[in-house]
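Worksheet: the structure to be examined is printed underneath.
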Amino acid sequence: MGLPWYRVHTVVLNDPGRLIAVHLMHTALVSGWAGSMALYELAVFDPSDPVLDPMWRQGMFVIPFMTRIGITKSWGGWSITGDTVSDAGIWSFEGVAAAHITLSGLLFLSAIWHWVYWDLDLFRDERTGKPSLDLPKIFGIHLFLSGVLCFGFGAFHITGLFGPGIWISDPYGLTGKVQPVDPAWGAEGFDPFIPGGIASHHIAAGILGILAGLFHLSVRPPQRLYKALRMGNVETVLSSSIAAVFFAAFVVSGTMWYGSATTPIELFGPTRYQWDQGYFQQEIDRRIRASRAEGLSLSEAWSRIPEKLAFYDYIGNNPAKGGLFRAGAMDNGDGIAIGWLGHAAFKDKEGHELFVRRMPTFFETFPVVLVDEEGIVRADAPFRRAESKYSVEQVGVTVEFYGGELNGVGFNDPSTVKKYARRAQLGEIFEFDRATLKSDGVFRSSPRGWFTFGHATFALIFFFGHIWHGARTLFRDVFAGIDPDLDAQVEFGAFQKLGDPTTERQGI
């Protein structure tokens, strides 16, 4: 036929058998990629420190999604929570990967079978003897089956009735674990941070899908609507399918970037807004005040702060700090976190407690400014020493650490104080190993950032794809010069069957 590369899909337009074959092959590729990617990530993943080197710091992409729906154990004897396990069962990380690769192989074979045996009686209209698909009926079948799957996931898997549940954690990502979830049927179910809404929405959407599927199986579309929406043209299916996919991609881009119960920070890392709003800093401050009210010293109060919570309060874990074109995991940037040095508390010689202004998300450099509790500037690291009034040396700033590895240690040497003030701009101060991975010191984004960027980008591309194919199917007669009321089932540019010796050969 001599088709150009961008028109090769024409060969499956009027060929239901091979249309199924290429979709089977596509699903085989998707499933095979998922399984292979899981095995690769498991080969490079280090589960030894779930607090300071969690999966999202290591750039894991598919492991968080498996963990989210209840897979936490490995045949290697470890679990996501850091425990050792003796019997991981069949549904371990490796088991899920193997299942996907096995499915991929079976789909590959079935794609080949359908490509070879394309001309089945099933695909021929009994009245005309020509290839035909009952697209409204197929729509009903798919709607019904996806509704059953959706309902089953919500009613059984998430609730723990027949399944493990899903990953549940506290608002600060400290106590996460897989557990069953009760559906939330009230207004609270619409709160994106309430896990019960995930169960109730899957159950409700599943029931709706089942009912809608049965409706489309039992009720034929009116003839005028059938013709108006081009329901007999498979490109209509393509257009509406692309619409469903791009809409879903936009939605999950939002739930990932802004955060929700479906994207726990223990699995995907914190959001940029948690840094912007001082979310973890406020929780740490609340805990310190509570401990002080109990009569504990500052050192004792800070020693009670979980290292995990302190690590979230560090700008290097902000997904917006890594450039989109800086490849690699977070660990390849600032390094592998080894330990928390403690909270740096600054004072001037007059006894004012000073706080370092934190670096905003979109700054690469930021002046070192220390303010008191009223926001008045008391000290800084000046750019021009000749004009300085608030330099660390002039003001006599000292630093003392509470909690962490330097608990109780103080410094009054100006160069050391300035070093820690500069590091305090980035949140809580941690020690990093940059040698192991040859980390370059340039921040990277987390899987949260990559997922959002990828899905938002593809959603935009798919949006244009929906417009393109929708226009092609609606205005097909205008574009192709084919009368829409023509009885013969033909496609412009596809009158013969490619590779079929029984079809008449003619120039197009």
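Glycine is treated like the rest: Cβ placed from N, Cα and C.
Features reported for this protein in Swiss-Prot:
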TRANSMEM  21-36  transmembrane segment
TRANSMEM  101-115  transmembrane segment
TRANSMEM  140-156  transmembrane segment
TRANSMEM  203-218  transmembrane segment
TRANSMEM  237-252  transmembrane segment
TRANSMEM  457-472  transmembrane segment
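Tertiary proximity for the transmembrane segment (21-36) is limited to same-chain residues at least six positions away from its ends with a CB under 8 Å from its CB atoms, namely 12, 62, 96-101, 103-105, 107-108, 110-115, 118.
Beyond the ends of the transmembrane segment (101-115), by six or more residues, the same chain brings 17-18, 20-22, 24-25, 27-29, 31-32, 35-36, 39 to within a C-beta distance below 8 angstroms of the stretch.
With a cut-off of 8 Å between Cβ atoms, the residues of this chain six or more beyond the transmembrane segment (140-156) that come close are 162-163, 183, 198-218.
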